[in-house]
Amino acid sequence: MPIQVNLDVMMAKRKISLNELSEKVELTLSNLSILKTGKAKAIRFSTLEAICKALDCQPGDILEYIE
Amino acid sequence: MNKMLKALYVLAWILFIGLCIRTGVILVTFLISIGINPEASSNLYEGLDLSSVMDANWVHYTLITGLIISIWALKSWMLFGVIQIFQKLKIQDPFHFSISKKITQISHVALLVGVLSILSFAYGRWLVDQGLMLNHFSESVRGGMEFLFMAGIFYVFAVIFRRGVEIQQEHELTI
């Protein structure tokens, strides 16, 4: 898929673990893993909003279009 | 809903056992008629009398009985597919690839049953035209067109179900 999820990069930049992020955005660890590994087929605006809020970043920092 | 599914599951088992018994009886009486007692061909199952065919030509007798047995065996297999669907089906999470595959398989078997029934019926009519008596034959092979129609319906169900599986997968992978 040309859309790449850079959640792991942002998590490393913010020095936040998957467990912490999971608690902050109220998502299960398995769902976050699916998102982090790029297996997700879609992302809800509400999830994106929660992640951006928790990591203090923009959606573009998490999602990237690669040709 | 679960109770209704269970009731249908039990009903499918009863029908499956009934069909297996029917197939088994025809098969056994056929084997008896060709191996031990040729008179058994006068009542293969519930008055199915193919004795005049057996007397006239052994090959025709084997072929027509083989067709009848194949039709009933395929009907049993079809019902076993329905049982397997009931075993796998969960109302909370109904769309699974394996179920969609089973429905497709049932549609293929129904198509085969329909084609074989029509062929057998035509073959039986040809034998009657040759002056042979086939008592209660049409009851054993009737419903060919209905099975063809059913095959089409099942195939459409399978396609819709496959789309349902895709939508469910997409839903599950939406975070």
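The backbone N, Cα and C atoms fix where each Cβ goes, and this holds for glycine too.
Features reported for this protein in TrEMBL:
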type	residues	note
TRANSMEM	B:7-36	transmembrane segment
TRANSMEM	B:58-86	transmembrane segment
TRANSMEM	B:106-127	transmembrane segment
TRANSMEM	B:147-165	transmembrane segment
In terms of Cβ proximity under 8 Å, which residues at least six beyond the ends of the transmembrane segment (B:106-127) contact it?
53, 60, 63-64, 67-68, 70-71, 74-75, 77-78, 81-82, 85, 134, 137-138, 141-155, 157-158
Distant-in-sequence neighbours of the transmembrane segment (B:58-86), which means Cβ under 8 A and at least six residues beyond its ends:
5, 8-9, 12-13, 15-16, 19-20, 22-23, 26-27, 30, 34, 41, 44, 48, 50, 99, 102-103, 105-106, 109-110, 112-113, 116-117, 119-120, 123-124, 127, 132, 134, 137, 140-141
Same chain only, please: residues at least 6 beyond the ends of the transmembrane segment (B:147-165) with a C-beta under 8 Å from a C-beta of the stretch. Say none if there are none.
94-97, 99-100, 103-104, 106-108, 110-111, 113-115, 117-118
Could you give the residue numbers and ranges of same-chain residues that sit at least 6 residues beyond the transmembrane segment (B:7-36) on either side and whose C-beta is under 8 angstroms from one of its C-beta atoms?
43-45, 48, 54, 58, 61-62, 65, 68-69, 72-73, 75-76, 79-80, 82-83, 86-87
